[in-house]
Structures are given as structure tokens and as C-alpha cells.
Amino acid sequence: MTEQMSVDSAPPSGQPTSGPHFDFQDTQTGDLGVLAAIADAMKSDSLADRLESLKRLSVLALAIGEERTREELIPFLDESIDDEDELLLSLAEVLGDFVQYVGGPKYAYVLLRPLENLAAAEETVVRDKAVESINKLVEVMDQPQVEEYLIPCVARLSAGEWFTSRSSAAGLYAAAYGKVTDAIQSKLRAGYEALCKDETPMIRRAAASNLEALVSRIEKDHVLSFAIPNFRRLADDDQDSVRLLTIEPLVAITKCLSTEECKQYLGESVQRLCVDKSWRVRYMVADHFVAIATNIKDRELQEELVNVAISLMHDNEAEVRGAICTQLDGLADLAAPEAIVARLQAPLQELVEDPSQHVRATLGKHIGSLCRVFGREGTIEHLLPLLLRLLKDSFPDVRLNIISKLDAVDNVVGIDSLSQSLLPAIVELAEDKQWRVRLAIIEYVPLIASQLGMQFFDEQLSNLCMSWLGDPVYSIREAATVNLKKLTDVFGVDWARSTIIPKILVMANHPNYLYRITTIFAITTIAPSVTPEIVRDLILPSLEGLVNDPIPNIRFNVAKSLVPLTMALRKSPETAPLEGSVIRPTLARLEEDRDPDVRFFASRSLMAINNAQA
């Protein structure tokens, strides 16, 4: 730092003091320990120490008091601005939350000067953070303060020689606009228009990116006289980096206008942006397409925009095609359903075969939303074939996205049609080599089961659900146990007793220990959903053999499983005595096990049971 801050030990009595102008001794206590440490850190050669000192500025401010913070600490920070970007960023952030240390909102203006300097820094992230902090201050400043201190600050930054200060100024106009008189508002609009006309592209970019916030604060008349002309100017800019930033202001402007005004003032600009020569601009249009078209409100223009959307589906850039796919749901409302169905069939056929896997994945995530527009017959005829092709895509994310959104299809076509057309493909995916695909199928099974019914599930999916318990991937086995609990909740305890639990318990005798340990996980997970009688009659007897299993992992997992089983047994007075006659003796035996892990978990389970009882 250029200015040294020193808080050394106090000089001997009677000797003159010498040192820097800023002396941050705590005048109330005279204790310099903490303050000296902070001050030493601020003048340290180590960037880490200086950063740490900034985080502790609040301690120093509290110690020296509000008045000295305003008169000494803040000027010191202003004069001591470092050239390390990381330090400047931290200082900009700290000052935004420093109002309480300078005396509250009525003194918030004191913080503007150092933040103004930071807003002119070379590094973009420093400037952005300084602007953010100034806007925080504006929230607590009253109108006289804004007019006396902030407006001159904005004016100085807007007239700055370097582009850095002018680009920061663009981010301050919106916050200031609502807290000043009409006369000053007029000057602010003129100042912002000058930034929109600035010869430096970086300034025009800043003006474009901040125009949306300003539009939300100005009156309708000024939207027409100020916002729209400047939007058009920026939308016709020769730099695509400027034009792409006009899409969000366009959405904000359309919200303020009537149908006729949108058509009159914005129609041509919108159409030009939709076919812009830069793919980045077309991407932004595609990403905000529905918001733009919906706000325009003019039905004729909306139907024209549907044609534009279809052309974006054929765009040369994959990013543009992917962006317009995210808009399919809202796009369907821009024209009559019959017209949408007819016009989307061909582009959807092409997108299903798109060379970009990310486009196909995005399509898979959003194509289901069209079912409500296509209707039952249209979905079965046109969309289900496309969904089947996407379900067999080589890229796993495409398949995952289709599976995760099948409920939208089911709501329209019904489970019968879905099971006949898509279920075979889903069953095939259940054995997919990608474990994430198998996991997605597992998570979808309870929904399928609740809609297919018990009989269909038992015939088609029951064995599949059991096979997942033996999957080589632990996450699949774990999800399979949770899946069985959900199925028990769907079909009921009687179904679980007769169908699922016997199959689980058979695995307790499997020669592979992974199957045996999965048995324990499964019955532990299911226990809260079944009756105490099922625990007594089926589950406890099967665990007796596993208590003596040669694998320690099996034995200590048995000890862990006895806790939820005990909670289940306590629900009925008929089964509660088993805690004393079976559970506790079993855990006592495991406490004497030769393996230390088994002994540990047996003791912990006993403790958990005792605590639950208390």
C-alpha cells in the first residue's frame, strides 16, 4: 500500500511520538493488540495477509468508532488503494456492507469516494463489484443524498477519459433514476443516451446490458421516446457483441407496450435480430424467443415468428438449434394447435437425427411438452415414434431426458398406449451399460407401477426390479432398495408380503456376499413400511442365519439393521416383547464378536435402541 498504517507499541512516556497521520488506537481502552495486528497485516508484503486484514476491517471500525471511521479509516482506504486485483475486489465487496460502521444510512455517502475509484479500475470483476456495492448504498440513501453525492459521482464516471469508468457508470443509472427529481431524471436519460452512442464498443456493450434495468424504472412515455430509440440504435450496432445484449432489454420493453405499439415500434427490429448474421445474436433470440413473442401480443406477428422459430430449428449452429428446443412448450401457444402440429412435424423429425448430441438431449428434455398440443391421437401418431427413436439414442443424456419427462406423455396418451409403445424400450434400457440410465429407470418405476397396476407390474417389471438388487454398481443396488419401499407404499403391505419380501429373503442364502448384504439393506429400508407381524414372521428369522455369517461386513450390518426393526416391532404390543427376547440377546452376542467393527456397531445399535426407548 502507498500509505503506511502503523499501530506500534506506545512510545515511552515523555518522548515525542512520530509516525503516520493515521493512528487507529482504540481511544476507549488503549488496547492496541488486535488493531496493531490488523494494521500490520494491511502493510504486509503478503497478499494473503492484506486480504485477511480487509476481512477484519469491521473490527477496526468498531474499535475506533463511527466518527473516526468516516474521517480517518475511509480516507486511508481511499488513498491506499492497492494494485492487486484480488485485494481491490475484496475491498469493493467489504465497502458495500460497511454502512453500519460509518454511522448508518445518513453517512452512506462517505463510502462513495473509494468505491468510485474502484469503479474505474482496470479489472472487470473489480469494477462490477464496485458498481454492485454502490447500488447497495443507493438503496439506503435518501433523495437529497443521492442528488448531492451520487449524481456527481455518476457524472464524473460518465465523463471519464478511460472506458473503464464510463462502462461502470452505465450500471448506476437505474439505481439513481428512481430517487431523483424529474429534472435530474431528464439529465440521466441524456447521459445514458450518450453512453449508447459512445464510440467505444465496450461502453455500448455496458449500455446495452444495463438498459433492461433502466427500462423497468422509467415511465411509459419515456419508454417510447428514450428506450426504444436507444434499443434500435444498439440493435443495429455493427458489433455483434453489442447486438446480442439487446435481447433482454427488448423483452423488458415489450412488457411496457400495447399490441399495436409492439407491432409499430419493434416489429422490424425483432425480425432483423431473428435473422442476424451472427449466430450469437440468433442464439440469444432463440433463448428468449417465447418471452419476446408472447409479450408482442400481436397474433399475426406471432404466427410469423413461428416460421422464424422453425428456421432457427434448421440453423447452421448447434447452439441455436438447442436453444430453440428449450422454447417448444411456449412456442406451441403462439399459433392454432392444428397449425403448430402441421408445421413442427418436419423440423422435429430432423432434430431427432441432429448430428449434435447436445441438441438431441435438449430436444429429449422438452419434446414431451408438445403432447398437450398434439393431443392423444396426434401424440400417438407423430410424437411417440420420435420418442422411441430418442429412447434408443447412443448418447445417454438423450435417453435420460426422455425418461425423466415421460409423465408428460402419460398424462396425454394414457398408460395403455404408453406401455404398448414405450415400455418395451424402457425395459431394454433397464439393462443399459450406462449405470446412470439404469438409475433413471429405477427412479421412474414407482410412477409407472402406480399407473400400470399391480398385475401388469408383477408380470412385466417385478423380476426386473429384483435383478437391480444384484447390480455391480452400488448406487443402483441402493436405489433398488429404495424403489422396493416406494413400491410397497404403492401396492400395499399384503402385496409386499406375498411378492417382494420372499424374493428378498431368498437372497439371504446366496453364496455371493454382495447379495446377502443387499438383503440386509433392502429389509432395513422396507421395515418402516411393513407391519410388525411381517417383521416378526418373515424378516427376523432370515436375519438369524446372517448373524453368524463369516463376513464381518454382513454381521455388523445385521447389527445396524436391528435398530429400525426394533422400532417396527414396538408398534404392536404383540411384537414388542421380541425386543427383549430376540433383539437385545442378538446384539449382546454381536458385542462379543471377534471383529472390532462388529462389536462397535453392535454397541452403537444398543445405545440407539436405549436412547429411543428413553
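Along the chain as shown, residues are numbered 1 onward.
Positions of Cβ are set from backbone N, Cα and C atoms, glycine also.
Database features, via TrEMBL:
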- 1-25: region 'Disordered' (REGION)
- 111-149: repeat 'HEAT' (REPEAT)
- 188-226: repeat 'HEAT' (REPEAT)
- 201-428: domain 'Phosphatase 2A Regulatory Subunit A helical' (DOMAIN)
- 227-265: repeat 'HEAT' (REPEAT)
- 344-382: repeat 'HEAT' (REPEAT)
- 383-421: repeat 'HEAT' (REPEAT)
- 422-460: repeat 'HEAT' (REPEAT)
- 539-572: repeat 'HEAT' (REPEAT)
- 583-614: repeat 'HEAT' (REPEAT)
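For the repeat 'HEAT' (583-614), the list of distant contacts is 543-544, 547, 552, 555-560, 562-563, 565-567, 569: same-chain residues at least six beyond its ends, Cβ to Cβ under 8 Å. Same-chain neighbours of the repeat 'HEAT' (188-226): 151, 154-155, 158, 163, 166-171, 173-174, 176-178, 180, 233-234, 237, 239, 241-242, 245-246, 248-249, 251-253, 256-257, 261, 265, counting only residues six or more beyond its ends whose CB sits under 8 Å from a CB of the stretch. Residues 192-193, 196-197, 201, 204-205, 207-209, 211-212, 214-216, 218, 220, 272-273, 276-278, 280-281, 283-285, 287-288, 291-292, 295-298, 301 of the same chain lie 6 or more positions beyond the ends of the repeat 'HEAT' (227-265) yet place their CB under 8 Å from a CB of it.
According to DSSP, the secondary structure content of the repeat 'HEAT' (583-614) in residues is 27 helix, 0 strand, 5 coil. Counting residues per DSSP class in helix, strand and coil order gives 27 helix, 0 strand, 7 coil for the repeat 'HEAT' (539-572). Per-residue confidence over the repeat 'HEAT' (422-460) averages out at a pLDDT of 77.
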